[in-house]
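What follows is a set of notes on a single structure, which appears directly below.
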Amino acid sequence: MQGGTSVRLYGLEWPKESARISRVFDLLVAAILFLAVSGAFHLHYMLTAGDWDMWIDWKDRQWWVTLTPIMAITFPAALQYVFWTKFRLPIAATFAVVCLLFGQWINRYFGFHLWSYFPMSEVIPALLIPGALVLDVALLLTGNFLFTAMSGAFAFALLFYPTNWFWLAPYRLPVEVMGQLVSVGDYISYAFTRTALPEYIRLIERGTLRTFGGHSAIIASFFSAFVSILMYLAWWHIGMLLARVVTTPNALKHFMGLTDKDEPAEAAQKAIDGTSLQGRSVAAE
Amino acid sequence: MRTFCFHESSCVRVVLSAAAAIMQIGILIFVPDAALAHGERNQEPFLRMRTAHFYDVKWSTNETPVNGEIVVTGKFRLFPIWPVNLPLPEAAFLGNGTPGPVLARTESYINGVPAIQSTKLELNRDYEFKTVLKGRVPGHHHVHPMINVMGAGPLLGPGNWLTVTGNESDFKLSIKTLSGETIDNLETWGLGRVFFWHGLWVAIAIVWLVWWLRRPLLLPRFRALTEKGGDRSQLVTSTDRLFGAGLLVATILIVFFGFQATDTAYPRTVPLQGSRATVEPLPEVPEQVKVAVNKSNYDVPGRSLRMNVTLTNNGSSSAQLGELLTSNQRFINHEVSQAMATVDPNYPKELLPPNGLKVSDSRPLKPGETKTVDIEAADAAWETERLSSLINDPDNTLGGLLFFYDEHGKRTISNVSGPMVPVFTDPDNRTAENPTGGAG
């Protein structure tokens, strides 16, 4: 940076006032993006891996371990495309996952605990941050989405189960209830009932993969890791598609009685008829 | 520069729309009362009349303090004329319909078998159930016993209002693990560990984000990437890469050693338990009284179900028709004292239609005797419980249980089922709006 009326940012000259405004813009966009990604990612995640993430007696060694990383790598991959190619920022995965965790805790505490009386021990969200950090660093160090997919996306899924075992283990202690062996997590969800979510609805491991020594979580993690590579590649390209700027004429405003002063009446009528929608313009990246 | 004209009519529309929006928000905030039940009346009549019929349901008490117990017992029969559009009860679970976990369920049994897992049930067989509930959230709660059937959903038993008194903070559900740990309260068990690990990783993530966010972010970086003269090497420096590599190593080490430490702290764990329980139904009791429905009508203006049935007593003792049970409504024949004696004082009054069941001939049916009688179950409950909407359903077959009693009070149960034909008018000019008839 230089003294005087301008500053140098990343090799380019900026008027001081412009640099200051751009910083304010940074903060505004960061705040808006935080809320938007929290909402969107949370919605996506709840629709695809919701029950596994919500309930302590759904976090099994097979389905939860397989599906969660596959469904959770989507937004990080798409955002990594935008953040990296447009801004050279290797923080998209961590940012997305922190947003998701924020949305989950808000949802669990206010929605499930305070509003619906579920104890917090029944509705703890999964942790994805370590995998996201590795995904970001993989992109930073390789600078290439293919290598990031093969290393970072792979690690994103592999780290999922050990990361969550830190806090999950106390809920897998064995207890005897009515002469039956169950885990603490099973009993918590049995005791604090979910009216419309009976036991049989759970999509959980119902048998052991004996061929692999009974290590369901390890097998599930590796399978998830392979699929996560493909999901990462697919969602990187979805990010690419969604980052394209596409505009269409605003026909809606005519229905609301708003017209452009300088727009001829005929053009306005065409907009109402929808004919001008054919005149779509696509701006290049 | 584009500018917009704002027409006067548009202005009026915008103002009216805004006023309507404010009114709607006001209505949403101030008008609704608390939701007090579970939408059981919204379930289709065929679902409520021809799936699970709960009977002999008893609540040990209607009021309990926090941590106090309420024991719910009873029986249910899965109706043999099961709706064709519902899957058979290959997997079923004994639940309890509550407004959230306001009561903790500590035990539940079907025919004495623990009901912590799901099980297969059989049609036209009876099962006995028991659920032990523990007061948790103070309040006045509507609670149902319930059977969840895979593919069919929740089949609700009779709902009762239970009152929990005291302070929620006093609630405790303790248990000792098989590995020796004593869990003081399952509500809060393990949360310290959860908060620690979640907090630690969020803190590390924030360090990583702030490392990048502290520098000029969007437009300067975008320009540096896209404009001539931009210095890309400043966007990602070697220090950044070094920091990232360090973070990568630290992350993997924390996960690895954290996992090892957790395994050491909890060496004996079990996976989630997902087996199915095996429950034998109660011993089959042959139907003593065979019921053949000759005709059944639902009188729309009179709010009354009328059936003409032929009863044949195949047993060795007499049988007197004492009750029609359908959709948790108990239409009791007031002329049969044995039937009246079965009503538990804690039984919800709204499920006991005051007019009860009228039978054209209530005299006991002798062994071997066949008799045709008219029975009538008239009550506003057909409308208020939304059972009369059966006439609008594609499947309008009704179903229920008839309870017969002999002279010693011994009860036998028969299934009754038949198509329901609506009657929209009657000679007394009664209508749904004017059920007493007359010119009005």
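Note that Cβ sites are derived from N, Cα and C of the backbone, with glycine treated the same way.
Marked as transmembrane segment by TrEMBL: A:24-43, A:63-84, A:91-111, A:123-141, A:146-168, A:212-235.
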Spatial neighbours of the transmembrane segment (A:63-84) not adjacent in sequence (6+ beyond its ends, CB under 8 Å) are 37, 40-41, 44-45, 48-49, 52-53, 90-93, 95-97, 100, 126, 128, 131-132, 135-136, 139, 145, 148, 153, 156-157, 160-161, 203-205, 216-217, 220-221, 223-225, 227-228, 231-240, 242-243
Can you work out which residues elsewhere in the same chain, 6+ from the ends of the transmembrane segment (A:212-235), have a Cβ less than 8 Å from its Cβ atoms? 61-63, 65-70, 73-78, 145-146, 148-150, 152-158, 160-161, 205
Same-chain residue ranges lying at least 6 outside the transmembrane segment (A:91-111) that approach it to Cβ under 8 Å: 33-34, 37-39, 41-42, 45-46, 53-54, 72, 75-77, 79-80, 82-84, 120, 123-125, 127-129, 131-133, 135-136, 139, 152, 156
